[in-house]
Every structure is written in structure tokens, then in C-alpha cells.
């Protein structure tokens, strides 16, 4: 079992299989020119899998594959099957923008993927183009339906932005509700790679909007879950991920592995240690020691919390998967 110095059990590994993305979302990607890490500097699936085995053997029970956009990395379903074959009952999930999902949903399900979280910030084509900086909505919605048809459980992630999609939150909730998918509204996480002019809605503002049409009751928060859960009168539940709340980090159970091999204890901070040398030489003991060291470095909380002057993270989310 992996336990940090604050007594939090860490059983959740998020793996960024690539930092590349086929979108340029304004709340994620930098405004200035940048270059991707060369492909030859990324861990191979075999190297990633070696660390996955270490993490599972140490007590990890949940793995999520992220990016960038994970589906732009070739043969992702092969990596999914490697993990699933090693630990068939592992909670194996994927976070995606959905654009390529129509091509891969069934293959991923057959390989052992169980769940998907999909970004959907708007149902309006022009707004989608504004956010992603390309025309994407038709492909995203087609991918969503393909995932449901493949038998995957799908949650929708929506970043709530003032003046962009705040007039659509109820429509988005109803879109998810009618398809029996949970939607989670995400507070915009300030970071130095995003557009400076973006302003996010806080959880209270999101609730005020939903409450204009629905009676909303706060539900019991699941252990280790990042989202606060709310219930409508008909029993439908939606979530709000609110990293600005002071208790957001109290039950954090996750660590992150970047595509180039950096093991990251916290999304907000830049601290990380590399496992690349260890896994490239097949050093299981060395990789395990680095995992323990990163766990010891896991901070108590981020600095988005109320009372921390709303500091801005310098972390590039497209490199760590958010």
C-alpha cells in the first residue's frame, strides 16, 4: 500500500501517454510558439508498462490514460490490453477530447478499457471552434455516441467559462442526463499556458445557474473523488470539480506520470522525478524507490485554494493530463 506523509492512501496513477493534442483549447494550450517533446524522448509502451506493473504491485488499483490527447498516440489499444491482461480487474479509464473516438471506441473496449471521461464544453459549433480553435463538434458528438454504443461508461467534463458557455450549463446538463451520463463541471484552473483573458465560474456560480431551473441537493461526496456531487429531484447526479476549495486536496489519492517519464506528485507544482533511466534498463527496484520518493514529496495542498491569493500554476496541463 502506498501512503503519503499526510496519511493519504495513493492508489490512482494517471499516465500521460503523449503531450501532443489535435486541439488547441484556450484553457490549456500556450499562446506563444512551442514545440512538442520529440517522440524519441518519450517512454515506449513497454517502458510505461514496466512502471505500471511496479505501481500495481505496490497498491495502485486505478489507472487513467491521458495526454495531450491520448488517441493521437498510435496503438493505444495495445497498451490498454497490456495493462488489462496483467490486472484484469484494474479500474482502467481514458480521458479524451472525443474527436477520434469514433474510430477507436470498440477497439478500446475490447482491449479492456472500462470507462471514458470526455471533454464537452459546448453544444454550439461556433463556440466549440472558439474554444478548440478548430471545427470539432460533429466529430466529438459522434465519438460520444460511439463510446456509448461500444458499452463504455462515459462521463462528460465541462470547463465552466464566463461569457463563453455559462449560458449553456443547463443544456449541457440535460444533454448528459438524457443519455444517462454524469456531467462534471470543472472550475477553470489558472495556469500560465492558458489564455490570459479567460475567466472561470466558481462552484457557487455554477450552482446558481443550475438552480434557476432545478432543485439541487448536495449529495455525499465519494471518498477520494475530486468532484462534489449534487442531485436533482429525479435522482440524477452531477458533479463540480472545485480545486479552489480549501478541502480539495484532503483526499488526493493520485500521482501522475508524464510521457517522457516524469513522475509528478501534484498537478499544481513543478516538482517531479524521472523514472526514465530506471525503466529503460528494466530496473524494477529502482523504479519502486523513485515511486516511494515521489510519494514522500507529495505536498499537502495546491495553491488554487481559497486564501492562497488565487496563484497561477506554471504547470503545462497538456504535458500532464490535467
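Using the three backbone atoms N, Cα and C, a Cβ is placed for every residue, glycine included.
With 14, 64, 95, 254, 255, 256 listed by Swiss-Prot as binding GTP, the candidate from 153, 155 annotated for that site turns out to be 155. The annotation in Swiss-Prot ties 249, 252 to [4Fe-4S] cluster 2, and of the candidates under consideration, 28, 266, the one tied to the same site is 266.
For residue 25 ([4Fe-4S] cluster 1 binding site), the spatially nearest entry among the binding-site residues 119, 254, 256 is 119, judged by CA separation.
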